[in-house]
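Accompanying notes for the structure given below.
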Amino acid sequence: MTMITDSLAVVLQRRDWENPGVTQLNRLAAHPPFASWRNSEEARTDRPSQQLRSLNGEWRFAWFPAPEAVPESWLECDLPDADTVVVPSNWQMHGYDAPIYTNVTYPITVNPPFVPAENPTGCYSLTFNIDESWLQEGQTRIIFDGVNSAFHLWCNGRWVGYGQDSRLPSEFDLSAFLRAGENRLAVMVLRWSDGSYLEDQDMWRMSGIFRDVSLLHKPTTQISDFQVTTRFNDDFSRAVLEAEVQMYGELRDELRVTVSLWQGETQVASGTAPFGGEIIDERGGYADRVTLRLNVENPELWSAEIPNLYRAVVELHTADGTLIEAEACDVGFREVRIENGLLLLNGKPLLIRGVNRHEHHPLHGQVMDEQTMVQDILLMKQNNFNAVRCSHYPNHPLWYTLCDRYGLYVVDEANIETHGMVPMNRLTDDPRWLPAMSERVTRMVQRDRNHPSVIIWSLGNESGHGANHDALYRWIKSVDPSRPVQYEGGGADTTATDIICPMYARVDEDQPFPAVPKWSIKKWLSLPGEMRPLILCEYAHAMGNSLGGFAKYWQAFRQYPRLQGGFVWDWVDQSLIKYDENGNPWSAYGGDFGDTPNDRQFCMNGLVFADRTPHPALTEAKHQQQFFQFRLSGRTIEVTSEYLFRHSDNEFLHWMVALDGKPLASGEVPLDVGPQGKQLIELPELPQPESAGQLWLTVRVVQPNATAWSEAGHISAWQQWRLAENLSVTLPSASHAIPQLTTSGTDFCIELGNKRWQFNRQSGFLSQMWIGDEKQLLTPLRDQFTRAPLDNDIGVSEATRIDPNAWVERWKAAGHYQAEAALLQCTADTLADAVLITTAHAWQHQGKTLFISRKTYRIDGHGEMVINVDVAVASDTPHPARVGLTCQLAQVAERVNWLGLGPQENYPDRLTAACFDRWDLPLSDMYTPYVFPSENGLRCGTRELNYGPHQWRGDFQFNISRYSQQQLMETSHRHLLHAEEGTWLNIDGFHMGIGGDDSWSPSVSAEFQLSAGHYHYQLVWCQK
C-alpha cells in the first residue's frame, strides 16, 4: 500500500492528476463484480447480499473553482456552506459549473499531461455507521463504479487512495481506516486530469460521482478473481465450463473451491479441487489458483435470439465443507470465432444489427438507472437490433447483465479516445502513456470477461494507431483468445484489429483521404490479401431528419456474406433538460449552458429522442433489419427466416389485400419456419376489383404472445407489394354548371355556386379562395424550391465557418432562398365547361433566372381545380431541395387524412418502412419535433389528401403543420417555435432525399437528387 501523509496540502503538491504514470494509488486489482455471499443458495438465486451495502443517496457537497481552494478543515468536517446532492449524479446537473458539449476539440488547452489551474473541484462527504461485525474480521472495501475525472479519497481524515479512468470501478480497502460508530468519507473529485486527454469522446463533458458507490465486506481469506470460459466439441453437443479461481489471504491446505453449474433449480455439474494451479513453466504453477473443468452434455446455447443462461456458483470453503464465501455469475454457453473471413457465433455467421449507445439521460446527464437501461434494451429488441457498441467506454456494470439476460451482442470498448490530438496518435504512440492506456484496457477485460453478451473487445475510438494499440491487442489475444478484437483507428484495417471496422464508409463510393483512405465497403473486401470480415463500427449518421439511403447498406449486407452489418450512429439524442423563467422544461444542446468550445446540436444523432420517444428513422431501421424476408411469386409468398438459432414459435403471418386502403380480403397463417429456413404460403384467389385504385398486398408478422421484450401483438416484420390492377375508366359525371370568369383591374375571379377563386393578375398567383364567405387562404399559392435545412444539409457549416460544399450553402449562394418571382404570363380563358388560367414565372436572384415555372389551372363545373406545373431548372444552379407548391391555409383542422405512404414521416430515400394505406392522424402528429428545427413530416407516394374542407389528388408528397419553412429555418430550438395562424401546406411534385451516410458531407445519393432540367406534376384541388 502506498503511504502518503493525510494532509491535503501534500496531496495537492503531488499533483497526481498531471502525471500519466500515476493512474491510481492503492486501488485494488480489477475483477468481476463481487457480492461475497455467505450462503450458496443466495448466490445461486442472485439475492441481495448482506455483505454488499449501497452508499447511494444524499451526500454533502461543496464546489470549488480549483483544488487549491479547498480548505484543509474539510478533511475532518463538513463545510458550513456545503449543500446536499444525490449520489450518483453529475454536479453540472445540480447547477454547479456547466456541462460542455464538444466533439473533437478538447475542452481544455491541449498541453498533456497538464490541465488548467482553474480545475473545478467537487468535495463530497458522507457520514455512515458500519456493521461492527465487519470491524472484527475480514476486509471492508469501498467501490466507486464511476467518478469523472479523478479523485482522492479520505476516510476519517486519513488519506486512502487515488483513482482515475471515469468509466471503470475504483476499489479501495477501508479496513484499516474504519472505526466503531460513525465514519466519514471525504472524496475530492477533479474535473480535469491527465486522464481527460484519453477521454475526448463525442459527448457532454461532465463531472462527479456519477455511478454507484457501495461497501463490500469480504472475508480475510477470499475469492479474489474468477474467470469462466465455455469450450465445445465440433457440433456443440458437448461443452466444458472452465473456471479459473484465484484466492487472496492465508493459503491453507484445507481450502477448497467448488464450482457448481445450475440451470434454474437443477444442478447440471459440479466439481471441487484444492488450490494449486497447473504447471506453467519450469518453476511450477500458481499456488493461489485452481482451474476446474465441468463437462456439460447438450448445453442450451446462448445467443441474442435465445439467451439461455446458466448460473455458476463459486464457493470457497474448508475441507469439511464450511463455507467461507461464494461468488456467482450468469453463464452463457457460446463460442465466438472468425473463420474463413466470417464472424461466427456457435458456428453460424452473424449479421450485426447494431447501434452505438452513449449513456445519457435528459435529466440526470450520464447517470444510468436500471429502468432506463431496460427501456433501451426493450426498444432495441423491439426494433430488430441484436447488437450494441458501448460507445466509447465501458458501461455501467448492470448493463452487461441485462444484455446477457435479454439477449444483445455487445462490443465492449475501452475508455480511450484522443480525437483532438494532432496527430491523433500523439499519445497512443507514446510509451509514457502506455500504462494509462493499459489500465483502461486490461481492467475492462478483467471486469467484463464473464459476460456471454460481450463478443468483441474494442481498444477504444478515434485515437489513431500507435504502438500502444499493438501491445494491448496482443495482451488481449493472450489472456482472452475466445473473443476477437476490433479497433477502427489508423484506417480500420491495421494489425490491431481482427475485423475491418470502418466508420461511415460508403457502399460503392471510395473516400480517398490521405494516409487513411475509406474504401467502399464492397471494395474493401476485395483488397489483395484481405480476408477479414467487415463490420461498420459506425454508419448511417442519424442526426435529426436522417437515415436516408439506409436500405442500400442492407442490400449490400445481404448480398455479400463478409459484409456482416454494422452499428448505426447512434441510439439516443444527447439533449439535456433546462427550464425557462416560468419553470417550463426545454431541450438544450451544445452552447446552451454558455459552454465553450461547443459543437452545437451535433450531440443529437439518435434514433430516439433523449426521452426515448422514437424518431421516424427508427422504423426504417426496424424494417431493414427485420429477421423475416419475403418474396411474392404469383399467389405464393416465400418467407425466409434470418434467425440463426430460433424456430418460429410465436409468429403468425397476417396478410391483407386492400384497394386504396379499403380491405378486400385477409387471412392469417401460423409461421413454422426453422433457423435460416423457408416457408411457402399459398394465398387464395385474390379479388380483382372493378373500380379504379391502387391494389396492395400487405403482410405482417405478428407475435400473438408477449415475450420478455415485447407485448402481445408485437409486429416484427412487414412487406407490401403493389398488385396488378384491371384497367378501368371512371367517366366524369356531367355538370350543367359552368364557372363564371370576371376580370377586375387586378384580379381574375372565378365563381361557381358558393365557391370563388381569385388570381392576382400582377403576381400571377392564386391569391384567395372562398367557400361561402369564408376565406380559405392566408397566403397565395406559390412555387417552392427550398426546405428548412436539415442537419445533413448544413454539414459542418457554422456562422463563423462556412462550408461552401454544404447543400444549404450552395442554395444560399445561388439565391434559392432569396429568389423572387418575375411574372411572365397571366391569362384567363373561358372554355366550354371550364375556366383556364395560365401563368408563367421566372424565379430570379440578382438578375439571374434560377427556375421557370409554367402552370395551368383548370376549374371545371364540379369545382375541381386541376393544376399542371412545368418547371425548368437552370443548368448552372444547384439541384433544388424540392419542386412544389406552398400556401398557408386559413383553417386549423384537428385531423389529417391521406391515401399514401405512412403513417410515419418518410422521404424518397427513407420510405421502405412506410406502407400504402389510408391514414388518419391528428395534425400535431404530422410534425416531427426535432430539437433543432428543420424540414420534417413529409409523406411520400400520396394519391389523396383531405384536410378540413379541402381535398388534393394526384401523385405527390406533402407536409402540413402549424410552422412555416421560414420559421423552421430561423429557429434554433423546438421550444421556441410558435404555432402560426392557420396551417402551412407544402405539396411537392418532387423532393430531394435527405441523406445520412454521414452528416458532414453532402451524402444524398445521386439517384435521390433533383438533377433533371425539367419537372412536371399535376394536382387536383377541390372542396368536399
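Including glycine, each Cβ sits where the backbone N, Cα and C put it.
When the candidates ASN103, ASN308, ASN705, ASN897 are compared with the substrate site entry in Swiss-Prot, which names ASP202, GLU462, GLU538, TYR539, ALA540, HIS541, ASN605, TRP1000, the shared residue is ASN103.
Candidate recorded positions: HIS392, HIS419, GLU462, PHE602, ASN605. Nearest to HIS541 (substrate binding site) by Cα distance: ASN605. Ranking the recorded positions HIS358, HIS419 by how many other Cβ atoms lie within 10 angstroms of each Cβ puts HIS419 at the bottom. The recorded positions close to PHE602 (Na(+) binding site), defined as a CA atom within 10 A of its CA, are ASN103 out of ASN103, HIS392, GLU417, GLU462, TYR539.
If you take the Cα of GLU538 (active site, nucleophile) and the Cα of GLU462 (active site, proton donor), they are about 11 angstrom apart, rounded to a whole number. In terms of C-alpha distance, the listed binding-site residues ASP202, TYR539, ASN598, ASN605 place ASP202 closest to HIS419 (Mg(2+) 1 binding site). DSSP classifies HIS541 (substrate binding site) as strand under the three-state reduction. Taking the Cα of GLU417 (Mg(2+) 1 binding site) as the reference point, the closest of the recorded positions ASN103, HIS392, GLU462, ASN598 is GLU462. Of all the recorded positions listed here (ASP202, HIS358, TYR539, ASN605, TRP1000), ASP202 has the Cα closest to the Cα of ASN598 (Mg(2+) 2 binding site).
Within the set of binding-site residues ASN103, TYR539, ASN605, the entry lying nearest in space to GLU462 (active site, proton donor) is ASN103 (CA atoms). In this structure the C-alpha atoms belonging to TYR539 (substrate binding site) and ASN605 (Na(+) binding site) are separated by 11 Å.
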